[in-house]
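Q: According to Swiss-Prot:
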type	residues	note
DISULFID	CYS120-CYS197	disulfide bond
CARBOHYD	ASN21	N-linked glycosylation site
CARBOHYD	ASN29	N-linked glycosylation site
CARBOHYD	ASN35	N-linked glycosylation site
CARBOHYD	ASN193	N-linked glycosylation site
CARBOHYD	ASN288	N-linked glycosylation site
TOPO_DOM	1-54	topological domain 'Extracellular'
TOPO_DOM	76-81	topological domain 'Cytoplasmic'
TOPO_DOM	103-121	topological domain 'Extracellular'
TOPO_DOM	143-164	topological domain 'Cytoplasmic'
TOPO_DOM	186-209	topological domain 'Extracellular'
TOPO_DOM	231-262	topological domain 'Cytoplasmic'
TOPO_DOM	284-303	topological domain 'Extracellular'
TOPO_DOM	325-375	topological domain 'Cytoplasmic'
TRANSMEM	55-75	transmembrane segment
TRANSMEM	82-102	transmembrane segment
TRANSMEM	122-142	transmembrane segment
TRANSMEM	165-185	transmembrane segment
TRANSMEM	210-230	transmembrane segment
TRANSMEM	263-283	transmembrane segment
TRANSMEM	304-324	transmembrane segment
Amino acid sequence: MTTTSVDSWLCSSHGMHFITNYSDQASQNFSGVPNVTSCPMDEKLLSTVLTTFYSVIFLVGLVGNIIALYVFLGIHRKRNSIQIYLLNVAVADLLLIFCLPFRIMYHINQNKWTLGVILCKVVGTLFYMNMYISIILLGFISLDRYIKINRSIQQRRAITTKQSIYVCCIVWTVALAGFLTMIILTLKKGGHNSTMCFHYRDRHNAKGEAIFNFVLVVMFWLIFLLIILSYIKIGKNLLRISKRRSKFPNSGKYATTARNSFIVLIIFTICFVPYHAFRFIYISSQLNVSSCYWKEIIHKTNEIMLVFSSFNSCLDPVMYFLMSSNIRKIMCQLLFRRFQSEASRSESTSEFKPGHSLHDLSVTVKMPQYSTKGN
């Protein structure tokens, strides 16, 4: 979450240089010369790749999550706990997607940030905040499904709709408190005229931030372990029920639900595991003295892994469709109404010829009726 803090970077005609230092403003706040190391780095290819992928993620994710929100808000009946969680995940995904245009413009502008250190911190923190909100809520979704499927009928309502609302409120409150804390600390520290954002930085004198990032990584792996255990248990129980009720007409739905559960697990693994597996190396390199070659590899790898995490905002709408039968029904109803309205519109336009009014048509229809009476 804090990896987007602005450092001092150096641009030259020979390529992009990034400067690692012991303090963001050591050269301004101390009379001594800061211990800095200039590392040449060519980011033209990386910027092109990031711009392309973030643009695709922005367009697809924006459309998908707006449709998802429309569907969630279109559920007029009482929402269950799963739908409450999914609604909040969609909101978090949209907020993350709204951060992507800033990253896109930054890379298009040859990695030059012109909007100030405060907005850089706001955009970067919002990006990571909403990513971890999604991860936490997906963990609660897996726990909720495990309880509802694996417990007895009397205990299926262990997590009620009201409790899920409380959980979401707590998650958002803690996240917003952390977000405001980061912004306040940035304001107290004071800004500088750096034109760089979203990049690698050393944390030799900022071990507290490194520890905080490490805690987030540990939290992710605990949630990931919870999701794995939950969906494996869910899948086994559903497949066992499907075999027991193989003669019933609806026995196939249990096997389908089990497969969908593993698809959700696969989506989560593809998007978040590579990034968080690499985070241990990334954080360690920030605390230790590393060569310029190693820092360049770490920086570029981290940016690519972050693209995978962002891609989750495109795949979450697919997960919504797989996890909730009500959402599938509403989506089918919306599509049916859309096609029905298009069909009725085309039929109505085909009945009228260009140049004829509705009155002219009614006259031509009535004329044969008068002639038959005359006969």
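Note that Cβ sites are derived from N, Cα and C of the backbone, with glycine treated the same way.
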Q: I'd like the number of other C-beta atoms within 10 A of the C-beta of CYS120 (disulfide bond), please.
A: 23
Q: Determine the Cβ neighbour count for CYS197 (disulfide bond): the number of other Cβ atoms within 10 Å of its Cβ.
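A: Neighbour count, Cβ to Cβ under the 10 Å cut-off: 25.
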Q: Measuring Cα to Cα, how many Å separate CYS120 (disulfide bond) from ASN288 (N-linked glycosylation site)?
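A: With distance taken Cα to Cα, ASN288 (N-linked glycosylation site) is 25 Å from CYS120 (disulfide bond).
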Q: Is it true that the transmembrane segment (55-75) and the transmembrane segment (304-324) have 3 or more CB pairs under 8 Å, sequence gap of 6 or more?
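A: In contact, yes.
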Q: With pairs 6 or more apart in sequence, are the transmembrane segment (304-324) and the transmembrane segment (210-230) linked by at least 3 Cβ pairs under 8 Å?
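A: Contact absent: fewer than 3 Cβ pairs fall under 8 Å.
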Q: Any residues 6+ beyond the ends of the transmembrane segment (263-283) with a Cβ under 8 Å from its own?
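A: 3, 135, 138, 203, 210, 213-214, 217, 220-221, 224, 227-228, 231, 298, 301-302, 305-306, 308-309, 311-312, 315-316, 318-319, 322-323.
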Q: Other than its own, how many Cβ atoms are within 10 Å of the Cβ belonging to ASN288 (N-linked glycosylation site)?
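A: The answer is 11 other Cβ atoms.
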Q: Would you list the DSSP helix, strand and coil counts for the residues of the topological domain 'Extracellular' (284-303)?
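A: Its residues divide into 16 helix, 0 strand, 4 coil.
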Q: Specify the secondary structure state of CYS120 (disulfide bond) as given by DSSP, simplified to three classes.
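A: Note: CYS120 (disulfide bond) is helical by DSSP.
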Q: Can you tell me how far the Cα of ASN288 (N-linked glycosylation site) sits from the Cα of CYS197 (disulfide bond), in Å?
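A: Here the two Cα atoms are 22 Å apart.
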